[in-house]
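Asker: Here's a structure for you.
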Amino acid sequence: MQKLELIVIGNGMVGHHFLEQLAASPACERFAVTVLGEEQHLAYDRVHLSDYFSGQSAADLALGTAVQYQEWGFELRLGTRAAAIDRAQKTVSLDNGEVLNWDHLVLATGSYPFVPPIPGNDRAGCLVYRTLDDLDQIRAEAEQATTGVVVGGGLLGLEAANALKGLNLDTAVVEFAPRLMPMQVDAEGGALLQDKIESLGVQVLTGRATQRIEDGEASRHRMVFQDDKVLETDLIVFSAGIRPRDELAREAGLDMGERGGVVIDDQCRTSDPSILAIGEVALWNNSIFGLVGPGYQMAKAALDTLTEGERTFAGADMSTKLKLLGVDVGSIGDAHGDQSSGTKLYRYLDGVKQHYRKLVVSADGRRLLGAMLVGDNSYYDTLMQYYSNGLDLPADPESLILPVSEGGAPALGIDALPDTASICSCHNVTKGDITQCIHDGKASLGEVKEATRAATGCGGCAAQLKDVVDHEMAALGMEVSTDICEHFAYSRQELEHLIRVEEIRDFQTLRERYGQGLGCDICKPTVASILASVWNDYVLEDQHVGLQDTNDTFLANMQKDGTFSVVPRVAGGEITPERLIVLGEVARDFNLYTKITGGQRIDLFGAKLNQLPAIWQRLVDAGFETGHAYGKSVRTVKSCVGSTWCRYGVQDSVRLAIDLENRYKGVRAPHKLKFAVSGCTRECAEAQSKDVGVIATERGWNLYVAGNGGMRPRHADLFATDLDTETLIRTIDRFLMFYIRTADRLQRTARWLENLEGGLDYVKDVILHDSLGINADLDAQMARLIEHYQCEWKTTLESPERLKRFRQLINNDQDDPNVVFVEERGQIRPANDTERARLIPSVDI
Amino acid sequence: MAEALQVEAHQAGKAQAREWVTVGKRSDLIPGSGVGALVGDQQVAVFWLPELYDTLYAVSNYCPISGVHLIARGIVGDVGGEPVVATPLYKQHFSLLDGRCLEESEHRLQIYPARFLGSAVQIEVPVTGRSHRRQAA
């Protein structure tokens, strides 16, 4: 069969993409393909052009190789310019006089940088920023220059400014519009962007029209502006927009747009159906698309037009996410909010951090029409998903652009995305494509990228792609194992169930039935904790003692030097003067460092292992109990002074705090638990940062759950309102027990709730409406824990056998001679290395 | 490599006399866990694993990572079948077979042969110069 002659004019990113698609198509064999490229280089990544100045070579930026073109069977003619198209003869004549025949022609000639018609714009040292050759010229000129000016403050202009700055030129940007990036940002955003860029040492002049360029005095050129102000510089780069390379089409008599561009239809056909046009030369619906993503979509549509496929070009989203001179700029959809009426605007401006965000929302408040980001693009991915998938906005859309304390912008769960959600718009890869790819056996981010090409265009979707891949792999049970360790192929929740249902009372039995090996420092403490949560036996029983972490083993908190700290229970933070004096006396007599804790208790530091029993004997004799500061267990219930003393208090918060602490003391859980009770809405006890928080109301108590301070603070959720004390306690009982049963190892309530399927509503259903029918069971389990409470120190002190464990050495009564203290601010502290070297005499071994 | 180590140990054994020292009784030990014992002027951590053929392991009690004598307080277990102790401050694992640190290979614990003799817990250590002289006298 005679092959059809197909000529592709232009070998930029879009032309290359077309060829890549064609090569992969079974229809490829129907065509004899010739590729004409004006540049000497094979298609390269123009999006990352500026990387050329930061060490990337032309080869690094190349999108393909000559060998690859050869394998595809395409004739590649670089450094060859098409001079004219003869539509009647169906020929293309080349600049070397050669004439080629074609049956189909694809124009992918791209664009050229627009140089404003300013007298002097053709002076030596006035350059453009578009191709590798341009960059070579800029680099060469920069060697004799100390200053450089970019004319144009748009996307490409700022890229060029970054390049000049990278060449160590004193750089300025001159923009005709009253602000930078006028297409992408509004006045506020532009002002903020300008501040940021100026703070990086790049001078910004906006609202300046250059009248002429002439010889300078101190520098090579002088730019003269409309108000006769001048700016001298050694090097000028024009980057004031692009214009379609449409002269071939124009001379061939194809339909053209008023301001240039070859008119195409949805099939990318020009007015001559045997000639297609794609990329920046093409004008679709009166628009030129100056981004690579839409160009790729045109390439696919053009291929289908040639091969009787179905894809068409239906316009493209111009949303972009950029980092220009290190400054994030993001623009989604109708970012200016001027394309439809009745829109609602939300704006957030942080003048200190220099962040600006804007939402354009439909009149009914349900759809995101556009968004603008300056300074922080971490909000982009989520907003983009709302925009491109038409997802229903939350009732408070502003939450999507307000700062969040929890380490980053609000993320839209991967689950919330439909399969049709576009992840990579450059290569048009959807969430469904990625899911399919993983189902087909691709088992890593790299493999998925290779197979789908996702995140290999502009790269803006890389973070989101990773999220989708991780999520899908987790959903398929790949790599992300929930086994707690190599000894048990079960999650913590499964082990809890086995222990409770099969009434397993010790590690040995569990290991023999469900585990293997000796166990380890992960499964042993986990199982010890579960056993304690279910049975609440004394943790230092022979069968449990080897499972415990050091702190539980010695019922104290080990510090960095191997000494321990001691925290007696001070329920609700209430303490009598007599007891306070005892604490002082014990601390003084044993020379302990004393500090008030965040949980309204007193911590005594610097106890050596063999001192612990004597210290605790004194404390227990004075009526103190262990504070469980060492356990993954209920710690304290912090309280404000409440209605007894406080003129604002509406309930007795101290009484409730003491009752709660005494009820739950010693309850072991997947992680530590902190409570607080506030006597009125002023919330002095900070209950909303606790695992369980209670705030008094006129009519009773409001219960908050799953708050957290620490590394990732979380504001607690309101769980139930105006409870009487009995109902409050019953609700807390069930909440705690449900958490204990279902959480992962070392998972605080905050993270547990966040990761629990169904979230807060689900927990409310279970606890408040008994949707699982387990409440009686939860009540019984809590009753057992409370019934089996013991002060572990009291029990330990009663057993001389157990006390033997509190020796540094079994055959010597001395304490550890390597523990050394020095004094600071009137108390002891561990000696540092230098001090130790001085204080410990070296021993010859 | 393992062979070379053995030869070295063998030669060391030849070069230096060793003796079994009693450090305590079986009832001083904690099943499935460790205790500290003083041997000469060295602190040794002794682990008793009743569930693993009633084996005793002894390693130096000094943790080179935290600089504290606390190895005896670590949780014992196995990593891929190799008995280990996890140091309680920063949780690195040391092999009870050869003392090496699984995570940070530059660290290693001294290992000591250990045994029950009747109910006595014994550790084998090099005969120190002083005790050697005393024996000789």
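Glycine too: its Cβ is placed from the backbone N, Cα and C atoms.
Just so you know, TrEMBL annotations are computer predictions that nobody has curated.
Pulled these from TrEMBL:
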{"type": "DOMAIN", "residues": "A:6-293", "note": "domain 'FAD/NAD(P)-binding'"}
{"type": "DOMAIN", "residues": "A:319-383", "note": "domain 'NADH-rubredoxin oxidoreductase C-terminal'"}
{"type": "DOMAIN", "residues": "A:423-470", "note": "domain 'BFD-like [2Fe-2S]-binding'"}
{"type": "DOMAIN", "residues": "A:559-620", "note": "domain 'Nitrite/Sulfite reductase ferredoxin-like'"}
{"type": "DOMAIN", "residues": "A:631-756", "note": "domain 'Nitrite/sulphite reductase 4Fe-4S'"}
{"type": "BINDING", "residues": "A:C640, A:C646, A:C680, A:C684", "note": "[4Fe-4S] cluster binding site"}
{"type": "BINDING", "residues": "A:C684", "note": "siroheme binding site"}
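Please go over these features one by one and say how buried each is and what sits next to it.
Answerer: Across the residues of the domain 'NADH-rubredoxin oxidoreductase C-terminal' (A:319-383), the predicted structure has a mean pLDDT of 87.
With helix defined as DSSP H, G or I and strand as E or B, the domain 'BFD-like [2Fe-2S]-binding' (A:423-470) counts 26 helix, 4 strand, 18 coil.
Note: the domain 'Nitrite/Sulfite reductase ferredoxin-like' (A:559-620) comprises 28 helix, 14 strand, 20 coil (DSSP; helix = H, G, I, strand = E, B).
Around A:C680 ([4Fe-4S] cluster binding site), taking its Cβ as the centre, 20 other Cβ atoms fall within 10 Å, counting all chains. According to its DSSP assignment, A:C680 ([4Fe-4S] cluster binding site) is coil.
Counting every protein chain shown, 18 other Cβ atoms lie within 10 Å of the Cβ of A:C684 ([4Fe-4S] cluster binding site).
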Asker: Hey, would you say the domain 'BFD-like [2Fe-2S]-binding' (A:423-470) packs against the domain 'NADH-rubredoxin oxidoreductase C-terminal' (A:319-383), going by three or more CB pairs under 8 A that are 6+ residues apart?
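Answerer: Contact criterion met.
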Asker: What does DSSP give as the helix, strand and coil breakdown of the domain 'Nitrite/sulphite reductase 4Fe-4S' (A:631-756)?
Answerer: 40 helix, 35 strand, 51 coil
Asker: Using an 8 Å cut-off from the Cβ centroid of A:C640, A:C646, A:C680, A:C684, can you name the remaining same-chain residues around the [4Fe-4S] cluster site, in sequence order?
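Answerer: The surrounding set, listed in chain order, is A:V641, A:G642, A:Y648, A:G649, A:S653, A:S678, A:G679, A:R682, A:E683, A:A685.
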Asker: What are the sequence-distant neighbours of A:C646 ([4Fe-4S] cluster binding site), meaning same chain, six or more residues apart, C-beta distance under 8 angstroms?
Answerer: A:C640, A:G679, A:C680
Asker: Reported in the order helix, strand, coil, what are the DSSP residue counts of the domain 'NADH-rubredoxin oxidoreductase C-terminal' (A:319-383)?
Answerer: 7 helix, 33 strand, 25 coil
Asker: Let me know how many other Cβ atoms fall within 10 Å of the Cβ of A:C640 ([4Fe-4S] cluster binding site).
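Answerer: So the Cβ neighbour count for A:C640 ([4Fe-4S] cluster binding site) comes to 26.
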